[in-house]
Amino acid sequence: MSPGEELDPIPDSFILQPPVFHPVVPYVMTIFGGLHAGKMVMLQGVVPPDAHRFQVDFQCGCSLCPRPDIAFHFNPRFHTTRPHVICNTLHGGRWQREARWPHLALQRGSGFLILFLFGSEEVKVSVNGQHFLRYRYRLPLSHVDTLGIFGDILVEAVGFLNINPFVEGSREYPAGHPFLLMSPRLEVPCSHTLPQGLWPEQVIIVRGLVLQEPKHFTLSLRDQAAHAPVTLRASFTDRTLAWISPWGRKKLISAPFLFYPQRFFEVLLLCQEGGLKLALNGQGLGATSVNQQALEQLRELRISGSVQLYCVHS
């Protein structure tokens, strides 16, 4: 990309942001592009052994005075006889009628993974992979642009994701894989083993950040003979995304170029009988044909190029 070159405006639905690791609480941050139906926020951390309470607020602004509206207030409380969660909405400086959920699936001294999945009319919350509650909006979701975390909580990571683009109309939770299964940044080039190859319904997830002056991004799947029947390549010089065959032939992917300098990205590859489906930042972009026998022989995922990697999962 030449100096001064203007990028096409990136659609709001494609905007993601880098994960945040080990923020100091209280922590307030802007949500890039705001909230919209289909967006998911992942919170990973630990409840201290002496915790009384903490709260996660999805706010309409970040001012201190007057206090901003809070569209969704998620407030686990541990100091009572029966630990529970309070959810509520703050509008015009006044709390509305609170909703209470008993049987809190969080415990003092234990780690957790919370997913906030935002739909068109309500937010759903899962804790450690199990659905916990749903809360109907009382303020427009489009007004939310800030995330606040307060109280007795040790936060390891906050991630911003889009729902699984391969399941049309699904209302179920997509897989929320913890960011800290690995170190916050992986070395590039990166090699990830696939000991059993690929099988139907398996999803490969790659998350990272494009560097400031990128040249290319390459993801390849290789067999034991180091052949790469599947290669995905993004070229920043001509801003194209393409499948590359083992013989060097290029098949362009007919979609907007969605890798942007200094922007977070999420690549998903869904294995199905007869090929792979591709999605970038939660948007399905197409497929490539690969026979099932070849998919089963793939043993290595290799990633190279002008990126920082935060997560590789298969």
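From the backbone N, Cα and C atoms, a Cβ is placed for every residue, glycine too.
The domain 'Galectin' feature in TrEMBL is assigned to 27-161 (among others).
The feature domain 'Galectin' is assigned by TrEMBL to 190-314 (among others).
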- By DSSP, how many residues in the domain 'Galectin' (190-314) are helix, how many strand, and how many coil? 6 helix, 71 strand, 48 coil
- Quick one: mean pLDDT on the domain 'Galectin' (190-314)? 87
